[in-house]
Amino acid sequence: MTGKMKLFSVTSERPLATKIADYLDIPLCEVELQKFSDGEVKINIEESIRGTNAYVVQSMNANVNERLMELLIMVDALKRASVHSINIIMPYYGYARQDRKARSREPITAKLMANLIQRAGANRLITVDLHAAQIQGFFNIPIDHLSAVPLIGDYLIEKYGEEDVVVVAPDHSGVVRARRIADRLNAPIAILNRKPRPHEDEIMSVIGDVKGKVAIVVDDIIDTGVRATTSADILLEKGAVEVIACATHSVMAGDATERLQNSRIKEVITSDSIDLPEEKQFEKLTTISIGRILGRAIEGVQENRSLHPLF
């Protein structure tokens with residue numbers, strides 16, 4: 001790709017953007033963001049960026065609707081500043097769980113997100129561990145779908161590699177993700193057979209042997225923490241000696257941090273795809289940074305190299 005690179009952070013992911021900037025050895029560009037009394041947002045980019053390749057870091061965390069509007073306004077500002085390309089770094093893709101019509105008369109909001117990002121003027125999206133990989137098909141621009149699984153897998157090997165472990169998929173749709181971790185640990189897998197009900201989490205059975213093993217539950221998102229804690233309870237009842245919960249994205253909504261800290265889970269492992277404020281940090285939480293893989297992805301895009309090793 002021709003053109004000099006410029007890295008921006010809007011509001012949501014300044015710590016992660018700083019780590020990416022440190023890896024790339026470039027400064028973060030200054031962006032002035034004003035919020036008016038009625039909630040409107042105004043953005044001003046405080047340097048000339050004409051002809052550059054812009055990389056914008058913004059996850060859809062906390063107030064997802066506010067974060068999305070900030071991003072769209074930022075993309076419009078970049079386009080009107082005559083940049084060469086606009087590349088969105090969205091570690092956590094909001095609305096990804098609304099990827100299909102589960103009931104009649106429901107929207108497919110993950111597709112609407114794609115439409116908005118493209119129509120605003122983005123040329124590329126780099127994201128991490130989408131809730132549903134087929135969301136890539138909602139876009140007509142290039143999508144680089146990276147994964148934190150190798151980083152989490154390396155941590156698990158270092159800390160639990162000598163243990164008798166089993167990797168657990170929290171439901172049938174999570175088997176592929178669990179298999180990737182299991183292959184790195186050379187471990188068997190088990191599956192929690194859940195009965196889907198609105199606003200409920202009922203586990204019917206455990207498929208596989210967990211007795212006497214350290215059970216590592218691998219998911220993509222920890223939201224309220226209910227799914228993780230109910231998984232831990234049933235696995236311990238079935239004879240697991242310890243339960244470790246892993247997820248790329250830690251939304252930590254409501255009282256999730258208190259629920260997880262007071263649960264029977266030994267450790268919660270996640271990435272910094274979402275910046276958790278100090279009040280949502282807790283003793284059992286381990287955070288692994290994805291700044292390096294995102295930095296490598298930007299280098300690859302900038303230098304027209306394959307990103308396959310990062311998938």
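Cβ coordinates come from backbone N, Cα and C, glycine included.
Under the heading ATP binding site, Swiss-Prot lists Asp38, Gly39, Glu40, Arg97, Gln98, citing sequence analysis as support. Positions annotated as Mg(2+) 1 binding site by Swiss-Prot: His131. Per Swiss-Prot, Mg(2+) 2 binding site is recorded for Asp171. Per Swiss-Prot, the feature D-ribose 5-phosphate binding site maps to Asp219.
Features recorded in Swiss-Prot, as mapped to the structure shown.
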residue: Asp38; record: ATP binding site; DSSP class: coil
residue: Arg97; record: ATP binding site; DSSP class: coil
residue: His131; record: Mg(2+) 1 binding site; DSSP class: coil
residue: Asp171; record: Mg(2+) 2 binding site; DSSP class: coil
residue: Asp219; record: D-ribose 5-phosphate binding site; DSSP class: strand
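Taking Cβ-Cβ distances under 8 Å and a sequence gap of 6 or more within the same chain, the neighbours of Asp219 (D-ribose 5-phosphate binding site) are Pro170, Gly174, Arg177, Arg227, Ala228, Ala245, Cys246, Ala247. Put simply, His131 (Mg(2+) 1 binding site) is 33 Å from Asp38 (ATP binding site) when counted between their Cα atoms. Non-local neighbourhood of Gln98 (ATP binding site): Glu106, Pro107, Ile108, Thr109, Ala110, each in the same chain, at least six residues away, with C-beta under 8 Å from its C-beta.
Annotation: Asp171 carries the greatest number of neighbouring Cβ atoms among the binding-site residues Asp38, Glu40, Asp171 [cut-off 10 Å, Cβ to Cβ].
Counting in whole angstrom, Arg97 (ATP binding site) lies 6 from the residue listed as 'Mg(2+) 1 binding site' by their C-alpha atoms. Neighbour counts of Cβ atoms within 10 Å were compared across the binding-site residues Arg97, His131; the minimum falls on Arg97. Using a 10 Å radius centred on the Cβ of Gly39 (ATP binding site) and all shown protein chains, the other Cβ atoms total 8.
Taking CA atoms as the reference points, Gly39 (ATP binding site) and His131 (Mg(2+) 1 binding site) are 30 Å apart. Across the fold, the C-alpha of Asp171 (Mg(2+) 2 binding site) and the C-alpha of the residue listed as 'Mg(2+) 1 binding site' stand 13 Å from each other. Counting in whole angstrom, Glu40 (ATP binding site) lies 30 from the residue listed as 'Mg(2+) 1 binding site' by their C-alpha atoms.
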